[in-house]
Amino acid sequence: MTSILVLNGPNLNLLGTREPAVYGHETLADVERLCREEGERLGHAVACRQSNHEGQLIDWIHEAGRACVRGELLGIVLNAGALTHTSLALHDAIKGASVPVIEYHISNVHAREPFRHHSWIAPAARAVMAGLGVAGYALALRALVLVAPPRQAA
């Protein structure tokens with residue numbers, strides 16, 4: 001069984017308390033539980049990780065690329081938080097690792113402040129989804145299953 005990696009970036013550990021009018025009252029633990037349950041329905045194990053550090057996210061993306069080559073990983077659902085709008089390094093990591101990525105955002109970033117309208121992740125991602133709340137993670141997992149190329153173990 002191939003797995004799926006869900007990566008959450010800076011400040012997503014504060015879900016449930018940070019701007020609940022924007023992000024809702026669900027916690028990161030709720031997100032991770034939802035993702036594991038949806039993964040099980042889809043026939044994939046889901047691993048969830050969160051970091052406030054860009055370099056850690058990059059290291060995980062590199063690891064994911066190697067796991068994809070081995071046929072162990074289908075791809076990544078990535079909510080890079082504010083790094084979406086600033087990180088060329090995450091863009092380059094995704095491109096370099098050749099791992100299918102669905103970029104996801106809990107809020108509709110395009111209806112928010114102008115600085116949130118540009119994504120450095122989007123050009124490297126297979127698809128971009130936003131504004132569906134925490135429940136949208138389940139949809140992002142389904143999207144990844146639909147668009148990721150089939151993998152064979154090397």
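Just so you know, the numbers here start at 1 and follow the chain as drawn.
The backbone N, Cα and C atoms fix where each Cβ goes, and this holds for glycine too.
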Among Arg66, Arg116, the candidate listed by Swiss-Prot alongside Asn79, His85, Asp92, Ile106, Ser107 for substrate is Arg116
Taking just the CA atoms, what is the gap between Arg116 (substrate binding site) and Arg18 (site 'Transition state stabilizer') in Å? 17
For the substrate site as recorded (Asn79, His85, Asp92, Ile106, Ser107, Arg116), determine the largest distance between any two Cα atoms, in Å, rounded to the nearest integer. 24
Binding-site residues clustered about Tyr23 (active site, proton acceptor) [Cα within 10 Å; pool: Asn79, His85, Asp92, Ile106, Ser107]: Ile106, Ser107
Tell me, by DSSP, whether Asn79 (substrate binding site) is helix, strand or coil? strand
Any idea which of the recorded positions Arg18, His85, His105, Arg116 has the thinnest Cβ neighbourhood at 10 Å? Arg18
